[in-house]
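**Q** When I checked TrEMBL for this same protein, it listed these features:
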| type | residues | note |
| --- | --- | --- |
| DOMAIN | 147-269 | domain 'Palmitoyltransferase DHHC' |
| TRANSMEM | 6-32 | transmembrane segment |
| TRANSMEM | 44-66 | transmembrane segment |
| TRANSMEM | 72-92 | transmembrane segment |
| TRANSMEM | 104-127 | transmembrane segment |
| TRANSMEM | 200-220 | transmembrane segment |
| TRANSMEM | 232-257 | transmembrane segment |
């Protein structure tokens with residue numbers, strides 16, 4: 001998938017996705033709620049069935065458009081669907097009922113977070129992280145060649161820009177490569193790093209939100225579990241939410257730290273060694289591309305603060321062969 005260039009900003013693709021979202025929200029939270037109420041057994045059953053059909057339709061749509069066959073990618077998508085359905089139609093419904101103003105408000109907020117996480121995830125999967133242009137050649141007078149060090153890749157038999165690394169899985173050099181992620185079946189690099197950050201951001205917030213709803217449901221209601229299976233379901237769901245929340249939130253915090261230093265995961269190891277050597281010699285080390293926290297954030301998320309939380313707003317992405325360097 002790393003070598004395919006997919007335009008997720010294509011109007012027909014976005015139109016279909018937003019149409020699906022509109023039909024789903026109006027059907028479940030307006031028409032079905034107005035007909036039989038979502039807190040009734042009939043309403044809940046219909047909501048679960050329709051949610052399953054809508055989810056499978058969305059998966060089939062992306063699979064047909066992008067030839068989605070990767071098992072890890074499908075596993076993540078089905079995990080998102082499972083967490084969404086259990087959070088909204090089981091825990092939230094059992095806690096405050098979806099036909100209440102509090103229940104409907106929480107359902108809409110969580111649905112928005114889940115939708116944004118799904119969009120950011122697919123953007124990370126299908127946006128090309130960026131390859132070295134065939135016409136690239138290092139300029140000897142360019143300060144980046146001295147401070148950032150353009151290097152020659154023996155495997156690609158070509159020069160690569162600073163912050164570019166060779167991916168053994170994709171079998172090519174990737175611009176500002178962070179790592180190859182099996183869960184998105186793609187490299188996390190220059191062009192899709194913002195989408196990846198957005199995905200783990202919305203995933204962290206959504207998982208925390210889901211965990212809060214679960215614990216509120218557990219603590220504020222007396223559950224007389226009629227069967228061992230139901231009790232086991234609640235215990236396993238709670239454990240899964242805790243593990244998911246800790247994992248994704250830790251990953252998000254880690255990448256925010258890297259982003260604030262304008263480092264990639266690969267460069268962090270190199271910078272840690274360089275800092276150790278500098279300290280040993282009584283010197284201070286600063287990453288050559290570290291421009292300060294705010295400037296580092298803008299270099300990835302863009303200069304428009306309103307677009308920082310939009311995973312598809314990647315208009316700030318250029319050719320990825322040159323980056324500003326620190327004068328310190």
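Numbers here mean position along the shown chain, with the first residue as 1.
Every residue gets a Cβ built from N, Cα and C, even glycine.
Whatever TrEMBL says is automated annotation, not expert-curated.
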**Q** I'm a bit unsure how to read this: which one of 44-66, 72-92, 104-127 has the highest number of Cβ pairs shorter than 8 Å with the transmembrane segment (6-32)?
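**A** If we count Cβ pairs closer than 8 Å to the transmembrane segment (6-32), 44-66 scores highest.
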**Q** May I have the DSSP-based helix, strand and coil counts for the residues of the domain 'Palmitoyltransferase DHHC' (147-269)?
**A** 68 helix, 18 strand, 37 coil
